[in-house]
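**Student:** Copying in the features that TrEMBL gives for the protein in this structure:
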BINDING   ALA233, ARG234, SER235, GLY236, THR237, GLY238, LYS239, THR240  ATP binding site
COMPBIAS  1916-1928  compositional bias 'Basic and acidic residues'
COMPBIAS  1954-1968  compositional bias 'Basic residues'
DOMAIN    212-611  domain 'UvrD-like helicase ATP-binding'
REGION    1916-1968  region 'Disordered'
Amino acid sequence: MTKGDGSDAKKRQFFLNADEDKDLHKAPVDVKREFEQFDDLLNGDSIRFRSARWKVLFSDNFLKSFKNLKSVTRKKSVIERLFKLSQGWRPKKRSSDPVCGSSSKIIKQFKVEDLYIVCANDIGKEWSDVVKELRDLEVPESWSASFDIVRFRNVANSENESDLVGCASDGGHYLENAKVSESLMLMKCYSFSFGVVGQLLSNKDSGELDLLFEVTDQEQEIIVFPRSAFILARSGTGKTTVLTRKLLEKEKVLQMATKLFYGVNSNNLVHSPENKVEETLAETKRVILHQLFVTVSPKLCYAVKLQVTQHVSQLKSSVYDGDCSKGTSSRDIDDFDDVVQFEDIPDSFVGVPTMSYPLVITFHKFLMMLDGTMGNSYFERFHEVRKLDRGQVGGRSIALETFIKLKEVNYERFSLSYWPHFSASRSTMLDSSRVFTEIISHIKGGPQTVEEGDGKLSRDDYLLLSNSRVSSLSREEREIIYELFQNYEKMKMKRDEFDLADLVIDLHRRLRIGSYTGDKFDFVYIDEVQDLTLSQIALFKYICKNVEEGFVFSGDTAQTIARGIDFRFQDIRSLFYKKFLMESKSDGHNKREEKGIISKIFHLSQNFRTHDGVLQLAHSVIELLYHFFPQSIDVLEPENSFVYGEAPILLESGSNENAIITIFGKSGARIVGFGAEQVILVRDDSMRKEVAKYVGKQALVLTIVECKGLEFQDVLLYNFFGSSPLKNKWRVIYEYMKIYNLLDSTSPSSFSTKHNVMCSELKQLYVAVTRTRQRLWICENTEEFCKPMFDYWKKKRLVQVKQLDYLLAQAMQVASSSEEWRSRGMKLYHDCNYEIATMCFERAGDTYWERRSKAASLRATADRMRHLNPKAANGILREAANIFEAIGKGDSAARCFFELGDYERAGRLYLEKCGESKLEKAGECFSLAGCYEQAADVYARGYFFLECLKVCSKGKLFDKGLEYIRYWKQDATMDFGVIRRGKVIEKLELEFLESCAHHYYEHKDHISMMRFVKGFHSIELMRKFLKRLGCFDELLLLEEELGNFLEAANIAKLRGDILKASDLLGKAGNFKEASMLIILFVLSNSLWTVGSKGWPLKQFTEKQELLAKAKSFAKNESNNFYACICTEADVLSNEKTSVSVMKNYLNSSQTHKSACGEIISARKIIDAHLHTNSSKYMWEDYFVFDPIKHSDQMISENQISIETLVYFWNFWKDHVVNIFKYLRSLETQDFNEYKHYGDFCLNYMGVWRQFCELNTIYLLLNPGADWVRDMDNRFLHLNGKLVSINVRHLALIARSYWSLEILSVGLQVLKHLKALYNLSLQNNLSMFCQSRSLTHIYEVAKSLLDCGYQDDEALKRFVKFSVESFFGYVFPLDWRKSLADNMFSLRGSEVSKNLLQQAILENISSRGRLTYGKIGRVVMIILGLGKLNNDLYEKILKLFGGINGNPQWKTFIQNLCGNVDITFPQAIVPDNINKSPREWSLLFRLYEALKDTFDANWMKENDYISPGCFLYLVERLLILASSLHGYFITSMSSFVEWFIYEEVDNIPNSTFISGVQPFLGRIYESIINFVRQLLCNKNDTLEWIRMSNIIYAKDYYSLLVLRLVAIICLVYLNSGSFLDSLSELLGRSYITEQLPFEFYDVLKRRRKHLHMDVNVLAEAFKKVHNPLVIVSLGKDCSQFLCPDAIFVDMTAKQSWEDMLRVMRLQTVEASRGQIGAIEVGATNACGEVLSSDSYDHGGYKLVPSNLASQGDLNNIIGIELPINYSYFWDRFFEALKPLEVGGKSRCIWDRFFEALKPLEVGGNPRCMLENDQAMKVNLGKCIHLLSIIMRECHQMNIYYKHENLLKEVAGMLEELNLLYVALDARELQLENNMSMIGELSKRLQTRRQHVEPFLRWTSKIDNTLVDWYNEMDSDGEAKEGSSVDKGKSNASKVAAVSGAYNQSSKETQNKGNNKSKKKNRGKGSQKK
């Protein structure tokens, strides 16, 4: 085909180029892939790579060779060739294979002039993304065919596996036969980029280039991870590299963003210099990324800082077109020194230069900077530091640096200087390292200590750590450690030393109470975090708020062999989550509700330091740690390496010769020895000295701790197990081997136990074996201790075993060059191992560094010896200083001389040897040496103005100082680069003048002093200066001369002259403060005169004159203030006044908000009560609901009572409690609303608070006061004659004083209350008065006891006395006492409930077994108190269910608290029990418990249940049984007790259950049986009474009999049975003679006619003032016919207050025959539902009983009970009798409505309250009258004839009841009821005109009509044989009377009918 044909084919698209078409280009690749022809694709000419771009990586070898190229042209040629190679170019004419044919597939060479670029192709067979790399190895000038090329070898396919003894065959590829450092797989490679090219070409001087090498994918993942993270990896895996690259990546992103934002052009690689001003502006505008890198190691810090500084400078240069070397001010590694590393960084995070970022510092520097940021330095607490000038307390101060160095306690100092001084019996039981670790990491550095007040764990908290599963220490060991810790702290304080934990604790404290003001960091990187304690790590949370993204922690807990550090990486993660993440989310600026995301932990597993053989051995050690100490190390994936090396070797010596001797020969033998890259590792210094005897200088010998952080080519681990403290306890490894089946028949069968020290031993072993890069030999002197570990390694095939002989010893030895020895020496020097470094420099022949290392070693030795032998230490230090001086290290020499105290020589060295940069240190040294003139000259030379003048002042060089000032003023326009002049010079001049004045002040030459003072620029400066010196006399004289009275007054205050200050304030016109100061002075001197202990107020000379003066000052202020001062003056005067006058003072004080007047007046009133004879007290026989109003009324009449005493006690106590609230905020000065109480407290105690600048001073006006006398003088501060007190101790002492004051007054009140109680007993006052006294005693004592005041035993006695006495008042056998109105109110009070709960606690807390007496009292109180809290129930159940418990009563209590166990014996309850399981359960359990109690042998019981208690429970049993009918009948007293419990519980909704009667019959029979036995066995009953310790047994027996008979009556009423039992018992004279006459008389009269029905019993119960109560629980009882009973409907929820208020009303009315009902939505007399606008009060409505046409009791109960109609009408006749005699009823009626008349014309309802008692009596009688009339009209069927009128009567009755309740309300509620009272009164007046005609008609009915009605049957027919049957005249008489009434009241009836219809229309009208 011709060329033209080809062109034509292309045009017609018949010819296609496979390289240009993507699909065709891919097709050959797919075909090769399908046929697995992969090798063809690896050919460089393959179509796959024909146009591909390659990633170029070059190694260190290339970098070294490239630097050797001198010609720039050559360099560019090489760069150009590399660029072409990266584009896919390959030579076509010649082969690129090297001369080494065996490496043709790996190595390629490309010629550049006379050089070759040697490279390797790396291709990954990943078809989705083929990775292509070109690795440049070297640019050699000559090629050697013998170059040892590293080869691959597959270990798994090894033909002779015996060569690989103990090596795991995992099928992986390894590299062999090469040094690890030369391994291609571990070689550091750098990426070929434009930036790198620029650096390569710009490096004209062939200096060091620090390029960023390539990282692995695993490392790259961490670098780009955007959130906070943790890097957990073993040593050698590149942790620090990742942190550094992550930091630089952030900087790179910032610089790129800055470049885009500011539009900076950075395309040129050549630096173009620009104007410096413009550079400065650009730098100012540039955004700074605040990054912080922290590590413990100064050496690592320096290395990272060097790399970061160089790369950041390069990044900045690329953005700003700057020089690549800009900003690289780091020193050469040879000149590296810890002290000078951070000279350019201040000791504060405030004002850090922008060029210092990213900030790379050590943790020690971090602490110093944080300390400098938080105000006053931690070190200022030390006396030596305080002696320094303020300017010298800084990081660059040589004095402070020296102090820290000499006073810091590390482990080395702890073990040398502290440990030997501890008790030998204690210290020998533990290792000093372990103790120091516990102190630093846990007691003072654990996570809990961050929140502790003093930053240290308490003994108890530390001992609790032994319970943790992580703990490896027993409680006994921790006891010893804590004791040693306390001794250590005491000794450290005595020596004035500190440890870093102290500094960290102080920083935490200051950061908590203050705020961090330094630079906030965006990102923080913490390397080697395992070297820090958790409390140290917690400090970083304060400096970086970017918690979610800004933190990276890196470390390895397998390397925690640092003394004092102990934790796991998970502990850091937990700390970060709790203290960093969660606290940042909960602070005020970033509140979030979601939980924080736990940061990720990254693991690095690829090791770049050593080969796989060593790593496997190291991992075997880690596996032991995992097994034995899982909580001491974090679990990681095993490390791996791409390099296979020789397995570690166990050396065995055939002879008994020491292995060291075998290797190195005997002394004097000529051998090669170990080289610089080889080391012998031993356990400690003692072993090192032993080995050094044989080795000398032929090898490096280091301890394991010293070698941490170092790495060597070869390591010999010598006698590690032989020197181990574990000895034969290493045998525990056999236990591990047994678990994993690694034992054989030759292995021992018995193992040792694990020892805690083993954890540290294994970690040291891990560190030791990982120090090698190539070869590891392990050698032991004896086999005994190492055998378990050696067997373990052998069994796992991890080691080789070789016989140590001469040939092997020769093979182990490697010679090193001088440069290698020097390099090793430098590493050891910077690792502070000066002694070994000296040997390295000696072998290197470097005299300078040898001497320098020796000097450094001597200095380190002196530091260690300083506390043991100071004299010898100084000699060694002087020798070091001389060497430093001789070799030209003036800085180091000067430091040594400074530590020796030779300040002048140190200053001369700084001045002469160190140049201008050390002038400040030179001046400091001269100043300390007393060479003030020389120091001033040096400071002036360096332009340190402040220091210069300070030295002039210190050296009394006043004239010289003035010369300097004049000179500086002349040259003020010059800028010397230190500070600008101007105002600074003025400030320095003032300071100098002050210094001069101060000098004369010290020499007491005040005249000369004032001459300098008057030279100050202003009067303000003079004042400030003189105040500071306390020259108040001079200043006061000056101010008075100038007429500055206000300023003079302030001076008088500073002098403590309060009266002088008051006079001057008066002259200045500040009358308010002047009068207040006089009041303060009077109060203080009235209380705290010499010999006085405070209260009461006392008289002193000029008291009245001073008070008058205060009034005269106050008169010039407002009237309100004047009145307040007059009141306080009157209160403070000692004039005797009445309590009413004192109360007036108190009222006035309250008006003016004078805490002083209120508290002192109240205290005086209390004293008046306490000093008044008890017989003068008034007694309230009613419950006081409003103590304030009541007390005001009593005191205004100069009357006192127990209520007023308690009220004013509470008033005074509450105000004193406010003082405590103030004192809690005294230190923070956050006084809030309690400030005026605080002012009173200070005035009362004679403390004058003054404000001096920003400080608050508390001066004592009476330093000899009693409360001051016993105070420790350390808490008092003397300033001349003035005495002040620290605010904290003032608050403590004030709290103590007022606590004692409250307790003292409280005890006096309690004693007085008890005396009043005894008086009430002696005078036989009412039960209410006695019980109220007890509640007050309890209330006062309990309030004091709850506050935790001292003398609690006395308070407990008062509480116990009140509790024991109160029980009998609450549960008396005589119900008449408990039903009293005042007892009702008391019973419902909160204090009564609390007292009863206390009674329960007293019973269940008393010692001894559980008795029936305790059971009875506890259960009785529970039932009489209501539902208790769960805690109290649990305590009761615990007592009842104990060893001596009572299961029956326990079950009952469980039912009460809701834990119902519904299980019953079979066939005792009906099938439908599930309708009310709890009621049934309660009934059954109570029945069982009472039966068990009754059947007990009470004669043998020490504390049997009392009769009253037993009957109380029997009555409750009867109610529970009867309630199952749907209703029950009981007495008023029993109902009230039942309602108390049910009111807090749920009101039972019982419904009648068919078939219940048999079961209830058994209970009724048991109750009857109880009663019969008690009544029939009188002697036993009397004995029971006697054993119950009842004093008046006969009276008690009578009450008991009455109560027993009442129970039988109630059983009869509720069951319908047992009437014969009642009759039988009433037939016995010895029973009836004990009954009250009025009670038995009713029963006797009715029993004769066999009419013992509910009416009879209700009348009898009413006679003894305990009326019957008929309670409906859902059953319709509205037709219950009983005039003397009370009806209660419990389906409507009733509160305690509502029920008791109605009970009080119904109790009064029931005694008069009135029937009441409580009902919500009740029906009125006409059978209709009351309208919604009916008056209600307190949630209930009061209406009369609806008894008309409702049938009898038989219809309700379902059983027959006879009803005595004759009796009923007798009662009606008695009710009507007053009307027949005329006048009386009308009188009552008229008298009542007369009181309502004023309201007709719009009068004030309050006029009715003027005689409210008489009003309520008349009102009650009216209600009584209308109730009887309504009831009888219903019975006589008059209702149907006069329906409308009766509705009016019913409405009036309803309104009368509501009015009675409103008038009977509490005093506070009564005020609120005024509007309702007025409205009711108007309605009653309206109804009166309709109701009165009806009343007149009823008064005409006589006895004949009644008799006629009694002889009618239920159907209205005359009974056979009755008088009615004989003649019908009476019927006509009734009709006539009725008709007459109809005629006379027709008009009224018609009017009422229309009105009634409108009112009563509703659903209720349909109800019958």
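The backbone N, Cα and C atoms fix where each Cβ goes, glycine too.
TrEMBL labels come from automatic prediction, so no person has curated them.
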**Student:** Other than its own, how many Cβ atoms are within 10 Å of the Cβ belonging to THR240 (ATP binding site)?
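**Tutor:** Cβ-Cβ neighbours of THR240 (ATP binding site) within 10 Å number 20.
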**Student:** Take the domain 'UvrD-like helicase ATP-binding' (212-611) and average the pLDDT across it for me.
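**Tutor:** Averaging the confidence scores along the domain 'UvrD-like helicase ATP-binding' (212-611) gives 77.
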**Student:** So how many other Cβ atoms are close to ARG234 (ATP binding site), meaning within 10 Å of its Cβ?
**Tutor:** 24
**Student:** Same chain, not part of ALA233, ARG234, SER235, GLY236, THR237, GLY238, LYS239, THR240: whose C-beta falls within 8 angstroms of the C-beta centre of the ATP site? Give them in sequence order.
**Tutor:** ASP556, LEU604, ASN607, PHE608, ARG609
**Student:** Using Cβ-Cβ distances, find the residues under 8 Å from GLY236 (ATP binding site) that belong to the same chain and are at least 6 apart in sequence, listing them in sequence order.
**Tutor:** ASN607, PHE608, ARG609, THR610, GLU639, GLU711, THR770
**Student:** List every residue in the same chain as GLY238 (ATP binding site), at least 6 positions away in sequence, whose Cβ is under 8 Å from its Cβ.
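**Tutor:** Residues satisfying the criterion: VAL215, THR216, GLU219, LEU604, GLN606, PHE608.
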**Student:** Using a 10 Å radius around each Cβ and counting other Cβ atoms from all shown chains, which of the binding-site residues SER235, THR237 yields the largest count?
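**Tutor:** It comes out as THR237.
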**Student:** Just to be sure I understand the packing, how many Cβ atoms besides its own are within 10 Å of the Cβ of LYS239 (ATP binding site)?
**Tutor:** 24
**Student:** How many other Cβ atoms sit within 10 Å of the Cβ of ALA233 (ATP binding site)?
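**Tutor:** Result for ALA233 (ATP binding site): 24 neighbouring Cβ atoms inside 10 Å.
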